[in-house]
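Chemist: Below is the structure I would like to discuss, written out as structure tokens.
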Amino acid sequence: MTPPSTQPSGYDDRLAKKQIQFEHIKDLWIFLASLLAFLTVIRILRLLLRLFILSRRVNYVEPLEPEKHDVESTTSTIKTRVNSPIYRLQSAIATTFRIVAFRWSIPIGPGSFASISELTFIFGYMAAMFLWLFLDTRNLKATFYQARAAHLASCQLPLIIALAGKNNLISWMTGIGHEKLNILHRASARTNFIFLWIHTITRTLSGISGRTSFRHNWMRAGAVGMAALTLMNILSLRPVRNMAFEFFLICHIVLVLIFLFASYYHAQIALAGSYIWPALFVWGLDRFIRLVRVIWNNSTFRRKGDPSQSLATVKLLSEDTIIMSLKRQDFSWAPGQHAYVILPTVSKLPFEAHPFTMASISEKLDGTFSKGQARDVVFFVKGCNGFTKRLRDHGVGTVPAYVDGPYGCPPDLCEYATCILVAGGSGISYTLSLFLNLIRENARGKSAVRRILFVWAFRDESYLSWLSKTMTEALSHAKCSLSIELRMYLTAPSTKTSSSNASIASEKDGHSAVKTTTVVSPTEYHPSLKLVHGRPNIHRVLHDEIAACTNGGSISVDDGELMIAPDSCWTSGFDGSRATCPLLRCRCTSSCVKRTPVRHSSR
Ligand SMILES: Cc1cc2nc3c(=O)[nH]c(=O)nc-3n(C[C@H](O)[C@H](O)[C@H](O)COP(=O)(O)OP(=O)(O)OC[C@H]3O[C@@H](n4cnc5c(N)ncnc54)[C@H](O)[C@@H]3O)c2cc1C
């Protein structure tokens, strides 16, 4: 027989509270670790699948003018495959999933959107947190969740800080870039904020006296931490970030440090400081890696005595657009990645760093490697009101420059049969580097891509001479098996081309019934550049591409944003929540795409 307990029931409650608290924190971390493991496995499977698809498709060379016999036999094979109910069901499910998860987006604040997949993660995380907060609370007794709210919130601090870091384990494991993880950083940080306020309010309601009075330093530290956290949350709201990003950033870092140190001091009384110092460690590690990267990318000994490698060359493409180029020894990046640029003589603060996407690729277009050679890092910068305005005002010349990067996890498009790259304004940095890489991989025989449609909408005609030069070089390396179409949409009235001796054609836009005048290949630019006056009708462009996939080819558009913002600043929606640079990857089953390729005329 169990001897009757000699302890008061309050003691049992405290013991139970501690045990449940510990169990719930453990369960929460098991849940999050499982999610991370799941995403990592998905990534590995995708990489393996990609290798498999690539190895199958790379050797497939689409016949340019297929023999009648070939067409008939291929058509019947395709028809059998496409008409198979299992194939159709599988395609329908995959396409529906992609559309719902990645394409549908819902406004979550002024100028801020989240896709269904992002919202699933956000609400899933919040639901898990609240579930473990209120579970086993003996009819929602505040004493049971008052301390637990603080413990659950504190144990999440390392994760919240990791989600904000440029160098973080989560990106490396899942392949999700830091700029996309930022939305989860904000969601988890705000959940944490709510939890700490639940802790503060319930503690205040239960009475602040004796051991918990403000005569004690640990209680004062708690109040300081809460004040810093609250101010930080107010200053992190989008309007503040949009209006004064540098002010937000400095306040954020200072307030985070105050919050972490004060919380550590406060939590130590409950022996919970061990939740907080790992957060400081994660933050310090990210800063340390960034510092090492900056030193490594810009160090004198790697420049091999070339002083030009410490400078950036600035050219004005138009009155508000800058081409900034740097030379860097052995600095390499994947197409579509970005880097943080520090220009101490242009910025107001010595360590002010701004992200820009490399508009060039780090290896040579002809498929060879540039090991040991200086690479051209080119940025296409749209002038806004702060740092970029000062850079624009600086004008043509050279400036001391440092780069920190590369960052981001852009997609590899080589496995697709057809790629449609769509950009507006400065979004071209992203699509141009992907385009150049496809040409390079094609030259190396490592790409399954047979057709590229490159669409760019822009306002200033002067951009064309820059692009024409880049395209001329790129197209000279493309193999005959690659069909390339370059469609440029000039959204502002033309000043030059209408007076040029280019041939003029008219194009009736089927959907909007807007008549646009097309200037086909103005003579001063590369003959492949097709210039259209007006805005692109993306649906029409896609429709035409799908129609060109005769014989029932399957096309799905994934991972992109159907948004064209040629007149707006890139970050109007790129601050972690939405990429304004649209990328459409069309997965055409290569065996079922039979078209007459539009040849680029460099061949
Ligand atoms: C991953 C990524 C890649 C980008 N690539 C390009 C590119 O190739 N070409 C290009 O022209 N622009 C690009 N941008 C946008 C560019 O970083 C901003 O336009 C630039 O930092 C604005 O500086 P500013 O002081 O002139 O801006 P402001 O006029 O002060 O602000 C304009 C907008 O930029 C945002 N912003 C300001 N500073 C930063 C910063 N350090 N980090 C993030 N957002 C900031 C503000 O929140 C505001 O919404 C990219 C942004 C991101 C996040």
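Including glycine, each Cβ sits where the backbone N, Cα and C put it.
According to TrEMBL, the record shows the following:
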type	residues	note
TRANSMEM	28-49	transmembrane segment
TRANSMEM	112-135	transmembrane segment
TRANSMEM	218-235	transmembrane segment
TRANSMEM	247-269	transmembrane segment
DOMAIN	303-413	domain 'FAD-binding FR-type'
Chemist: Which stretch, 28-49, 112-135, 247-269, tops the Cβ pairs under 8 Å count with the transmembrane segment (218-235)?
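Modeler: If we count Cβ pairs closer than 8 Å to the transmembrane segment (218-235), 247-269 scores highest.
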Chemist: DSSP helix, strand and coil counts for the domain 'FAD-binding FR-type' (303-413)?
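Modeler: Counts, helix then strand then coil: 13 helix, 46 strand, 52 coil.
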Chemist: Can you tell me the mean pLDDT for the domain 'FAD-binding FR-type' (303-413)?
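Modeler: Its mean pLDDT is 87.
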